[in-house]
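Q: To start, I am sharing the structure in question, which I have written as structure tokens.
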Amino acid sequence: MQSVAFMIDLSIKSLRGILMKQIKRLFQIDPWKIRTTHLDKENLRLQESLTSIGNGYMGMRGNFEEHYSGDHHQGTYLAGVWYPDKTRVGWWKNGYPEYFGKVINAINFIAMDLQIDGQTIDLATTPYEDFSLELDMQNGVLSRQFTIQTPKNKVRFSFERFLSLEKKEAAYIHLTIEMLEGTGTITLHSKLDGDVQNEDSNYEEHFWEEIAIETQETLGFVTTKTIPNNFEIERFTVTAGMRHFIDGASVVPTYTQQPLALTAELTVSLNEGETTAITKEVLVVTSRDVPETQQITRVNELFSEMTTLYPEAKAGQAAAWAKRWQLADVVIEGDDEAQQGIRFNLFQLFSTYYGEDDRLNIGPKGFTGEKYGGATYWDTEAYAVPLYLALAKPEVTKNLLKYRHNQLPQAIHNAQQQGLKGALYPMVTFTGVECHNEWEITFEEIHRNGAIAYAIYNYVNYTGDQDYLKDAGLEVLVAIARFWADRVHFSQRHKQYMIHGVTGPNEYENNINNNWYTNTIAAWVLRYTRESYLKFQEETTLKIADDELAKWADIVENMYFPVDNELGIFVQHDTFLDKDLMPVSDLPLSELPLNQHWSWDKILRSCFIKQADVLQGIYFFNDAFSLEEKRRNFNFYEPMTVHESSLSPSIHAVLAAELGMEEKAVEMYQRTARLDLDNYNNDTEDGLHITSMTGSWLAIVQGFAQMKTDHQQLKFAPFLPATWTAYSFHINYRNRLLFVEVAADQVAFTLLDGPAIPLTVYDQKYTLKDRLVLPIRKEEVHV
């Protein structure tokens, strides 16, 4: 048995040196821009990830428009377009999914290869100067400039591109060419290139086949379709169209067809001091919205609607982003690193998802890479829902819930595959059918089911929308509850219900028994579902027998939760305390991250925790635990946590803030806010950590400002981090819009829209009618 002294010793060990290990910062610090004047060829994949753009309908990595022969990861992705790749495992087990769904690299429509007097421009080999790259987060425009010197001339190229928020199918690529010295002819080969493949494809497999290539004077079209599959899964057809303008005038290029590709050639000759501008407009439609036979017609219709020139389109893009930022922006004064981090994360989140389509969810990588297959995980419900509730209309979050409700039949199928009743929502999915093929995740990481139920509770508690609970949410809850009731077993020896053979949120342990978090959320689901059913029993068509309700109540009353009274903690699972317990700070820095240096066997036997596990449950059910229980568990588990999941730092930031551990809270905020910008986990080159980007917002709003909505009441207890001079944010809550400002000496709440609302600040109750200003409370800071 470990001593209390050991627990306290762990709690005071700092991870500061570990967090600073191998930070890789490619871009300058700027509140609104991601900018560099250095082309880092050794880290171009990382640079491409960090300059990704999207509009919820499609997105792409920050690839160059012109040909680049060096190492890079070309990637353009379309929401909801994927391919079922045959599951490949060494040892097949009953219950495995037949296929692994993966987002597939789609048509490369930004390609604009360049030649100066016949010489191909390739920044991997061509000498260049005056390079700059900038992502402007205020308007979503990615720009890049460079100058090429040849024996005959000196030419400046300036690219801009964006994916339209006003017309989701539209993309704009704008190239300005300046002849600084001499004269010359610039040849542009603008392409729609469907001959692409995934970075992770097996044996260089291609997922697309050509359907049609057409030209209509100024317009060019390429239609491709995903190759047949063996699983009767829908095939997707995609049509991309392009047209070009030179100095605002429409042009008819010279077209050349290749397999799966169309090239439009444009040529301009410039004298010294002359400048020209070429705009490429692209439209992309998919069979998710437009049948294959109607796609070229639809693209033509969309082109006819696009009557503005590039400057007006760019201004419209800026206005659309300004509307989103007006509600979503978090302003931090006194710390530009922190400011850049939160804005970058919010920008990428809203580039990935804004709730327009209830057939879509949020993949962990969004449109920025192919890792994790681009599919949906439980991350959305656990981490993204609180942010979208506060920063968007309720319909946005409701669409996330509809996504899961629509897939309930498939979740029931997943449970049946494991021989269980009810519904088991998948760990990885596009359609609701499980796509993950690792047994310790597919079969055992069943706590994900609880996150789906918790998101329903979170939505109803935050919005007050009882009709959704009655009309749709309850059906999902009942199916999940039936799964848990069947998955538990009754221990005759202990006379309690237990759950064996699971993987908790800490994926650095598999096949464990009685994971505290899993047992806790299972019991909570059964309780919440039972209470909700009894509330609407007379109004719902769902029927639950009295003996089933009684069984649920018995499980809740007699669920086993591992605890240690000497340490005063909830035990992560039955045998966790038998491990060789030590803090992460005792490890050599050269061995971190563990998942890149240790064998999987060594990780599984260690005490080290990938992400919040017990603390995840304390975060979810915060008001069920005393401050002392929170403190003891935080001090015990956090020092053993390596935070090698991007989802981890935010939960620790929120809890540390509540416990008065300001330094730890800020440290965790910095990690979650700049996880990708500083490449903390040394894996951002594979794509951004989109769903965990909500963590920086959670750390500020639920952590530093201590916003809570327990029992349908809005509460705050803000503090100001020592290195900041002020911060502010907006909150949508039950048809009200609030503006919260936290400064060194005061905190202010302004009701910008909606009726008066009860508000609790520092445990004192107020009614917010217009503006409330209070002195900020100076809390005792704990280590």
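Numbering starts at 1 and runs along the chain as it is shown here.
Quick reminder: no glycine exception, Cβ is built from N, Cα and C everywhere.
Since we're looking at a predicted model, the values are computed, not measured.
As annotated in Swiss-Prot:
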| type | residues | note |
| --- | --- | --- |
| ACT_SITE | Glu507 | active site, proton donor |
| BINDING | Trp378, Asp379, Lys610, Gln611 | substrate binding site |
Q: For the substrate site as recorded (Trp378, Asp379, Lys610, Gln611), determine the largest distance between any two Cα atoms, in Å, rounded to the nearest integer.
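A: Farthest-apart Cα atoms in Trp378, Asp379, Lys610, Gln611 are separated by 16 Å.
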Q: Between Trp378 (substrate binding site) and Glu507 (active site, proton donor), find the distance joining the two CA atoms and give it rounded to the nearest Å.
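A: Cα of Trp378 (substrate binding site) to Cα of Glu507 (active site, proton donor) measures 14 Å after rounding.
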Q: Can you tell me whether DSSP puts Gln611 (substrate binding site) in helix, strand or coil?
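A: Its secondary structure by DSSP: coil.
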Q: Tally every other Cβ atom lying within 10 Å of the Cβ atom of Trp378 (substrate binding site).
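A: If we count other Cβ atoms within 10 Å of Trp378 (substrate binding site), we arrive at 23.
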Q: Cβ within 8 Å of the substrate site's Cβ centroid: which residues qualify beyond Trp378, Asp379, Lys610, Gln611?
A: Tyr377, Ala382, Pro505, Glu507, Ser645, Leu647, Ser648
Q: What three-state secondary structure does DSSP assign to Trp378 (substrate binding site)?
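A: In three-state terms, Trp378 (substrate binding site) counts as coil.
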Q: Have a look around Gln611 (substrate binding site) and count the other CB atoms within 10 A of its CB, chains all included.
A: 24
